[in-house]
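K.L.:
Swiss-Prot feature annotations, pasted as is:
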ACT_SITE  12  active site, proton acceptor
ACT_SITE  40  active site, proton donor
BINDING   11-17, 39-41, 301, 327-329, 409-411  GTP binding site
BINDING   12, 13, 14, 15, 37, 38, 39, 40, 124, 138, 220, 235, 299  IMP binding site
BINDING   12, 39  Mg(2+) binding site
BINDING   295, 296, 297, 298, 299, 300, 301  substrate binding site
């Protein structure tokens, strides 16, 4: 069985917890895009694990794969592995040799470019975009290259002059391109991980041939997709379910399930339009109650009411077969709760978002109001344990999305999850 899991909003939907819940049933968990600009948090008992590159299934001693659609900072991965090993965890990790490497010059160029912008886009300055540019331009350093000094030397002889020139023009220090200490550190990590190299496409397809269970884990969310997101305020990779097939080298006919993770409200970190954003005390309350600060950057997330207009588009973009609704507990205590069911733009009612980011920024949300609930739901074990108003809210979201909700998260811990029949 091949299952894909993606975020249905702007990222930070709680995918880490949902993957962690599913991982126990799967043999392989594979990351298919993004880099360490995305973070996911998993809570088990009194321990919290913050991961950026290692797939969430690490807590169950599963086979973990990083596919060639990922851009990888070796130092970040190595630090994560050291932390996990220090906790006594076994990490059975495979990395595709074609995985693009985020080089120090990518990080430098990212910071210089963002500094020069008159209008910021909110990059994490981790070199993600520039690493993807090099992938498309066929000027990338790949994982295989940092396992062999001669391979890396030849690659840099080819691409370094242009990088040095570009950084100099941007006002930076071009010496970062061939910094010997940095390159030596990369090569040491590459040699240490050489035995972890694997053909990810081959491994997954063979596993599926043997009727094994494979879970493809996405990063970010639908509206950060480089094509279908809110350009230019997006990430540099393809975040929707279709990219799992392309990036992992698995034919689309092999997909069995696509799980969308959606928060009971909506958040966004960085710049870009978000029609239901709450710039008031309710937005502040959601941020504090939900702990809405970036796993990677620590930046406060912008919070807003649930947006079913974007939700409907996310369903189309991903082909969801089921949904996981997270952070329902954060809404506890609100007297009235709103759901955006349409937009108004220049006097016209829209039930589907406009393609233009400029027009989306001008959309005014059309809301339905629902009664809130005051009872704590964090210890609810069954759907019937939820207050009537909470159930009504869940059912309205399911109706608007037109996809069954299979699980509801009522707290950060694994056991704080309600499974629907």
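From the backbone N, Cα and C atoms, a Cβ is placed for every residue, glycine too.
Values in this document were obtained by computation on a predicted structure and should not be read as measured data.
Walk me through where these features lie, including what they touch and how far apart they are.
P.N.:
In three-state terms derived from DSSP, residue 12 (active site, proton acceptor) belongs to neither a helical nor a strand segment and is classed as coil. Around residue 12 (active site, proton acceptor), the same-chain residues at least 6 positions away in sequence with a Cβ under 8 Å from its Cβ are 221, 263, 267, 269, 292, 294, 295, 301.
A sphere of 10 angstroms centred on the C-beta of residue 17 (GTP binding site) encloses 27 other C-beta atoms.
Annotation note: residue 39 (IMP binding site) sits in a coil segment as assigned by DSSP.
Its Cβ taken as reference, residue 297 (substrate binding site) is surrounded by 17 other Cβ atoms within 10 Å in the chains shown.
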K.L.:
Relative to the Cα of residue 299 (IMP binding site), which of the binding-site residues 14, 17, 410 has the closest Cα?
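P.N.:
Spatially nearest to residue 299 (IMP binding site) by Cα position is 14.
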K.L.:
Fewest other Cβ atoms within 10 Å: which of the binding-site residues 11, 14, 39, 298, 300 wins that one? Let me know.
P.N.:
298
K.L.:
Sort out the sequence-distant neighbours of residue 328 (GTP binding site) for me: same chain, 6+ apart, CB within less than 8 Å of its CB, listed by position.
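P.N.:
264, 377, 390, 393, 394, 408, 409, 410 - these are the non-local Cβ neighbours of residue 328 (GTP binding site), listed in sequence order.
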K.L.:
Of 39, 220, 297, 300, which is closest to residue 11 (GTP binding site) if I measure between C-alpha atoms? They're all binding-site residues.
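P.N.:
Checking each of 39, 220, 297, 300 against residue 11 (GTP binding site), the shortest Cα distance is to 220.
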